[in-house]
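J.: Below is a structure I'd like to ask you about.
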Amino acid sequence: MRKTIIAGNWKMNHQRAAVRDTLTALTEQIKGGVKPEVIVAPAFAYLAEAVSLAKGTNVHIAAQNMHFEENGAYTGEVSPAMLVDVGVSHVILGHSERRRYFNETDETVNLKVKAAVAHDLTPLMCCGETLEQRENGKMKVWIEGQIKAGLAGISAADIKKVVIAYEPIWAIGTGRTASAEQAQKVCLIIRNTLAFLYGAAVAEAVPVLYGGSMNAHNVADLTAARDIDGGLVGGASLKAAEFAEIIAKTIVK
Ligand SMILES: O=C(CO)COP(=O)(O)O
């Protein structure tokens, strides 16, 4: 059975007081036994504080990015070892905003996925197509390419430590969610690509999440789909009550 995961990507939102208030309220609201695994990704500045707030609760803390090197002259960067050192357990890699605004490529994403796995950090590797690619019939080839390139050199043993997030760029922050049918179709493409690379049994074990305007109204529909194993939630994860509702309505198959 695959894990079901709901992850909140806070992006560049929430300063110290809001991090504290939201995490405290969230852990309170979901403490009575939670079915999906819950992850929250605050900004770098608050990771240590978030880890200490989440200690002893069922919320895991993720970073939103990292460098692939251990240390060195990389001004402004944070290494995998530093994330582990502060108690972070997961890391979002290759988000489309990082690809678009910070020149992330499949090659750098791949180096980061390898580094994460080597440090026992669980990577949430993102992929997703633009509206133009979708409308031009290029979605399948694009997604397969992102998965293959992002996972190059990752062994069958290590892929079991990886989570994939399908985030169609046209659905992020737009209020325009992919329908459950559209999202399932792409998550199946991803699983078939994993099966091509690692065999069907291994592919069945890898969680594939959907992200893009996910909310309390659409989460049940989306997570009921066979190959959607949870969500990577942006805007709707910023308020504890709304995020807790999403978690509560997630279908764990
Ligand atoms: O990018 C996302 C999560 O990583 C999705 O963002 P929204 O849920 O705000 O569309």
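Yeah, the Cβs are placed from backbone N, Cα and C, and that goes for glycine too.
As annotated by TrEMBL, substrate binding site applies to Asn9, Trp10, Lys11, Gly173, Ser213, Gly234, Gly235. Sequence annotations record features per position, and here TrEMBL assigns active site, electrophile to His95. Residues annotated as active site, proton acceptor in TrEMBL: Glu167.
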J.: For the binding-site residues Lys11, Gly234, Gly235, which sit with their CB under 6 angstroms from an atom of ligand 1?
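T.: List returned for ligand 1: Gly234, Gly235.
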J.: For the recorded substrate site, whose residues are Asn9, Trp10, Lys11, Gly173, Ser213, Gly234, Gly235, find every other residue on that chain with a C-beta no more than 8 angstroms from the centre of their C-beta atoms, and list them by sequence position.
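T.: Result: Asn13, Ile172, Val233, Ala236, Ser237, Leu238.
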J.: Rounded to a whole number, how many Å is the Cα of Gly173 (substrate binding site) away from the Cα of His95 (active site, electrophile)?
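T.: Distance between the two Cα atoms comes out at 13 Å.
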J.: Neighbour count, 10 Å Cβ-Cβ cut-off, for Glu167 (active site, proton acceptor): what number do you get?
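T.: Taking all protein chains shown, Glu167 (active site, proton acceptor) has 28 Cβ neighbours within 10 Å.
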J.: Is it possible to get the count of other C-beta atoms within 10 angstroms of the C-beta of Lys11 (substrate binding site)?
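T.: Step by step: centre on the Cβ of Lys11 (substrate binding site), count other Cβ atoms within 10 Å, giving 18.
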J.: Among the binding-site residues Gly173, Gly234, Gly235, which residue has the fewest other Cβ atoms within 10 Å of its own Cβ?
T.: Gly173
J.: Can you tell me how spread out the substrate site is, meaning the largest CA to CA distance among Asn9, Trp10, Lys11, Gly173, Ser213, Gly234, Gly235, in Å?
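T.: For the residues that bind substrate, the greatest Cα distance is 14 Å.
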J.: Using C-alpha atoms only, work out the spacing between Lys11 (substrate binding site) and Glu167 (active site, proton acceptor) and round it to an integer in Å.
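T.: Cα to Cα, Lys11 (substrate binding site) and Glu167 (active site, proton acceptor) are separated by 14 Å.
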J.: Provide, as an integer number of angstrom, the distance between the C-alpha atoms of Ser213 (substrate binding site) and the residue listed as 'active site, proton acceptor'.
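T.: Pair distance, Cα basis, whole Å: 9 Å.
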J.: Find, for the listed binding-site residues Asn9, Trp10, Ser213, the residue with the lowest Cβ contact count at a 10 Å cut-off, counting only other Cβ atoms.
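T.: Across Asn9, Trp10, Ser213, these binding-site residues, the one with fewest Cβ atoms within 10 Å is Ser213.
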